[in-house]
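Lifted from Swiss-Prot, the feature list:
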- H61, G62, G63: Cu(2+) 1 binding site (BINDING)
- C178-C213: disulfide bond (DISULFID)
- 23-229: region 'Interaction with GRB2, ERI3 and SYN1' (REGION)
- 51-92: region '5 X 8 AA tandem repeats of P-H-G-G-G-W-G-Q' (REGION)
- 51-59: repeat '1' (REPEAT)
- 60-67: repeat '2' (REPEAT)
- 68-75: repeat '3' (REPEAT)
- 76-83: repeat '4' (REPEAT)
- 84-92: repeat '5' (REPEAT)
Amino acid sequence: MAHLGYWMLLLFVATWSDVGLCKKRPKPGGGWNTGGSRYPGQSSPGGNRYPPQGGGWGQPHGGGWGQPHGGGWGQPHGGGWGQPHGGGWGQGGTHNQWGKPSKPKTSMKHVAGAAAAGAVVGGLGGYMLGSAMSRPLIHFGNDYEDRYYRENMYRYPNQVYYRPVDQYSNQNSFVHDCVNITVKQHTVTTTTKGENFTETDIKIMERVVEQMCITQYQQESQAAYQRAAGVLLFSSPPVILLISFLIFLIVG
């Protein structure tokens, strides 16, 4: 890791040194009294790169005779007769659009639901709600339960509740806690809606949630490892020296 940091430092020092020298070189032409024309309307030996825009006689910015900025006769900025800045009859731009329904407002319930995944759920003692998952394909060892699961999988949760992985000593502890809280919350919510779960439902739901909790643990463990690796990389002395040097070049 240290050798890699030193090589990165040497590479960026060489690159930014060349960039710093380039910044100090004067730019030819284009300035005041430097011989170049910075404005398209002025003649130059090479011709005009930006020819003047417009339409027919007396048309500034295109349009018919006497039309500023295009549009019909007597229309400033385009639109129908008597329409300033376009719009329907008697409409001043986008204001006072008579007779048009207002735009639908975004439901705050939808916004809250979209931001729920990965956030701490209030009232559950620090548990977070995971992202939605596809329900796993599980074989339960007999045709009846396999068929029952296929026909009723929509009744089972597709998200799990969990705490951060650093609060557990191993995967089994995480999964056990995750299954218990998820099954409990889903059962209470479903019962409140007037539905009931049978013993078969509970058995199948525990298996399904267990697989989802294992997946959640793997995702959280990988994310925690990547965060730790990033902190370790940026805390190494060569990288700190490199960042300090880059800041010096940018500011200077």
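The backbone N, Cα and C atoms fix where each Cβ goes, glycine too.
For C178 (disulfide bond), the number of other Cβ atoms no farther than 10 Å from its own Cβ, over all displayed protein chains, is 24. In the predicted model, residues of the repeat '5' (84-92) average a pLDDT of 45. Sequence-distant contacts of C213 (disulfide bond), defined as residues of its own chain at least six apart whose C-beta falls under 8 angstroms from its C-beta, comprise V160, Y162, F174, V175, C178, V179, T182.
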